[in-house]
Amino acid sequence: MKHLLKKRKVYMWIGIVILIGIFSIIYFVFRSEMNNATAKQKAIPSKVFASKFGDIEYLLKGEGPTILISHGVTGGIDQGIGLSSAYIEQNYRFLYISRFGYLKSSMPRDASVKMQAEAYSELLDYLGIKKVFIVGNSAGGPSAMNFAVDYPEKCEGLILISSVVPISATTTKVSSPPDIVFKSDFIYWLTTKIAGKSLMKMFVPSAIITKMNKSEIETVKNNIFAASFPISRRSEGVIFDNKISTPSIEAKSFEFERIKLPTLIVHAVDDPAPPYEGAKKISGIIPDVGLFSIPDGGHLLLGHEEEVKNAISKFIIKIDGNSRGAFRTKGLVI
């Protein structure tokens, strides 16, 4: 009997040692990925502007007409840089910002998308920039729309890429993970490792995922999730987007007819969220608008990057080249 108990004790300790070893390896990989992500962020030569709403992180880079990038959820300046690299030709001057609650930007009390738009305006005054094109990607769309409405004198044109749009009562809303996931680097990291392929479906249609090989899936997962490490530096912004920013458009309370500026909407027909139907709907409301529909590619417009670049370039050239005259985009076929 004693021999049996001793044997069990040995097995128990072996099991404990194995578990400690496994956890140590997992934690080592976790810390390594967090450190690499933090190092990449620190390498970005961003600056911080002390606005009336708190700190606003920004980076001004390049030459040409200025494009302000309003990044999507789990983003920041780094996501904005990746966005412009993927979808916009590089012969422009880019003003990258980290929206409220992302990276080095503050989260003001009782924050709203109108306040975020005002912060854009204040930053432009500080930098001495008179006019910009503004790009609103995904959850960055609401503040871009508000900027176009509230500060038309500072906005050459509005470009919405896979932007948040109104949803109908029949729309199946993609649910976001609970707040605690975004407040813990380890929980978020582990969630993306365990359920990354399932979470991809929030951005990439299942029909596309089934055609992708393992390497392609890993690349997309890295672009979506690894690029948002460490999430704790973005958690306030993510929660603001999920609870304030995105609902401000989804709830249909925004008056799209008030957008009087030339507008280009780029949206995939098979975007899991936000739905293409919403993009099509607002294209019939905004007075001066062109809808560039992508047949597939999901939220990330996979495989259509060059087409999007060409469409955006044509849009900007028409406005910038004829900025002293009227530019009508209604019914535009690009």
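Note: Cβ is positioned from N, Cα and C throughout, glycine not excepted.
Copied over from TrEMBL, here are the features:
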- 12-30: transmembrane segment (TRANSMEM)
- 65-168: domain 'AB hydrolase-1' (DOMAIN)
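Within the same chain, residues 185-186, 189-190 sit at least 6 positions outside the transmembrane segment (12-30) and bring their C-beta atoms closer than 8 Å to a C-beta of that stretch. Helix, strand and coil counts from DSSP across the domain 'AB hydrolase-1' (65-168) read 42 helix, 23 strand, 39 coil.
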